[in-house]
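**Student:** My questions all concern the structure below.
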């Protein structure tokens, strides 16, 4: 055996699942849930009591966190639902290319060039206008179930 040290670049999701199970009865409004294989933010939860031997059912209404579509699901409250791991990361905006991709600066000084501009028109115009004005912009990227999208923008002053 040698005495030299081994260095591994660690990633937080080392083969980890994109979701984790949670009992349906414990999921609340403003939480997250997977409906029809899409990560959603819960906007409404209602619980119905059923007959003598039936299960109480939870009716979830969620908005897809990436495309804004409204999805619904009904699950027995004692059963498990999939809850997506949702992470938010801030990156500094370096450049916007003509084909709609952004170049972002990560915390460790590398660049991230695989993200497209958001589809939300309001956010899109704020990013383009702020970048054209030469402002220092920080974008918040939401990541869940293998998808990433710019979801917010912060202005940290002029360059």
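A Cβ is built for glycine as well, from the same backbone N, Cα and C atoms used for every other residue.
What you see is a predicted model, and the numbers here were worked out from it, not measured in a lab.
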**Student:** Could you check which of 1-21, 22-42 is flagged in TrEMBL as region 'Disordered'?
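**Tutor:** Matching range for region 'Disordered': 1-21.
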**Student:** When the domain 'Translation initiation factor 5A C-terminal' (85-154) is classified with DSSP, how many of its residues are helical, how many are strand and how many are coil?
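**Tutor:** The counts are 12 helix, 40 strand, 18 coil.
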